[in-house]
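J.: Sharing a structure below in structure tokens format, with a few things to ask.
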Amino acid sequence: MFCSLEIFFAVFGVALIFQNYPALKMSGYNFASWHSIFALLVITNSMWLIYNGIRREYSRATVTPALYIAYGAYLTYPLAITENASTVVPWCTLIGLYGLITPITTDGLRSTTLHSLGFGLAYAVSVAGSSWTSGLDIQYSEAVARGLFLLTCCLLLGFFFCAAYYYTEKSDNLYAETLSAQLQLTRSRDQSHSLQEFDKLVHDNVMAALLDASRTEGPIADRTRALAQRAIGVLEDESERFSTTARPSTFQSLTEQIAVGVAPWNSRLRFVENDESDLPKADPESEIPSNVARAFTHAVTEAVSNSARHSGTRTTQISIRTEMRRPASALRSDEDQPYIFCTVLDHGQGFNMKNLDMSRMGVRVSMLRSMEEVGGRVTIKSAPYRGTRVTVQWPGEL
């Protein structure tokens, strides 16, 4: 959504300059030529916005200049107006609409409303100040009317895009929940298929025992007992094999589950090698409890989903590594344990860790708490404009 907004406001900024080109040609007559620098700044910033928008990247550093350009153009115009100006109305009447991209994409509805009021006030002050510096009588009613006009336009545009962003965010959350439900449904379908196969085995073995008992003459009891014991053995083996609680996963199967979980974002994912550790790698067949595998997969999927929605970058890196190590609290005589780590990394806008809302469903349930409950750990490292790194590990003790 933010990338689309970058392109929209970039096109709007360029169109604004072309629309005011006749007024800009009067620079040196209606206003000093140095004020045209704001037109050049709008063009430059618009090109930057288009570049990032096409690359599907977003950064606060890209959109923030628009706010200062708009305020600067309004508040410095009275200083640039000449004595023989034919009009006191600034050439940059609608530049406040261009400046709205900053509060819309960074701070939300409240900030958008406040800056809409700020742009309206700055425009009214610009008109009144231009009248005063040019030696004309100040038309307060005209200044107020023009300020209210710009305020109305800003509020309409701001409310529209804030509402669009709100419902887009809701649809993203709904998509993530639907995806999670679909993955759960897929697992349930696989379990149901396994149970059907199990039922067939039960039916075949029981019917074989009954048919043999009914058709065989002679030592029927011995024959039936042997078949029944065989059936019981088969059923016990199959019960253990199809039991989700008694059947652990392996590191290899966990990797496959992660690949399935992040499949919807394959177009932006980059799978990279992770050779950070000098410790020996763990055996791919190392066992991991099934409930841990589910929590691990959900945490990684949530991390990738958050990166896709909020990082503002085109790509997200994901890497998996295993290692054999002895926990710090273990005795020297203890054997090394297998560890598995999955790192999700992007070089996007990042965020301030102090502002992390721990009550968010995705962070609290799918990542941190769910891994802690199964003995794992999730480590989140992020800073504004420096990207985000999420590391999911099991076991959690290093």
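Note that Cβ sites are derived from N, Cα and C of the backbone, with glycine treated the same way.
TrEMBL annotations: computationally assigned, not manually curated.
Since the structure is predicted, the reported quantities are computational estimates derived from the model, not experimental observations.
So TrEMBL says this about it:
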TRANSMEM  7-24  transmembrane segment
TRANSMEM  30-51  transmembrane segment
TRANSMEM  63-82  transmembrane segment
TRANSMEM  88-105  transmembrane segment
TRANSMEM  117-135  transmembrane segment
TRANSMEM  147-167  transmembrane segment
DOMAIN    293-395  domain 'Histidine kinase/HSP90-like ATPase'
J.: What average pLDDT does the predicted model assign to the domain 'Histidine kinase/HSP90-like ATPase' (293-395)?
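T.: Summarising the domain 'Histidine kinase/HSP90-like ATPase' (293-395) by its mean pLDDT gives 80.
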J.: Below 8 Å between Cβ atoms, which of the listed ranges 30-51, 63-82, 88-105, 117-135, 147-167 makes the most pairs with the transmembrane segment (7-24)?
T.: 30-51
J.: Could you break down the residues of the domain 'Histidine kinase/HSP90-like ATPase' (293-395) into DSSP helix, strand and coil, giving a count for each?
T.: 34 helix, 33 strand, 36 coil
J.: Answer with yes or no whether the transmembrane segment (88-105) touches the transmembrane segment (147-167) by the criterion of at least three Cβ pairs under 8 A, sequence separation 6 or more.
T.: yes
J.: Take the C-beta pairs under 8 A between the transmembrane segment (117-135) and each of 30-51, 63-82, 88-105. Which stretch has the highest count?
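T.: Counting Cβ pairs under 8 Å, the winner is 63-82.
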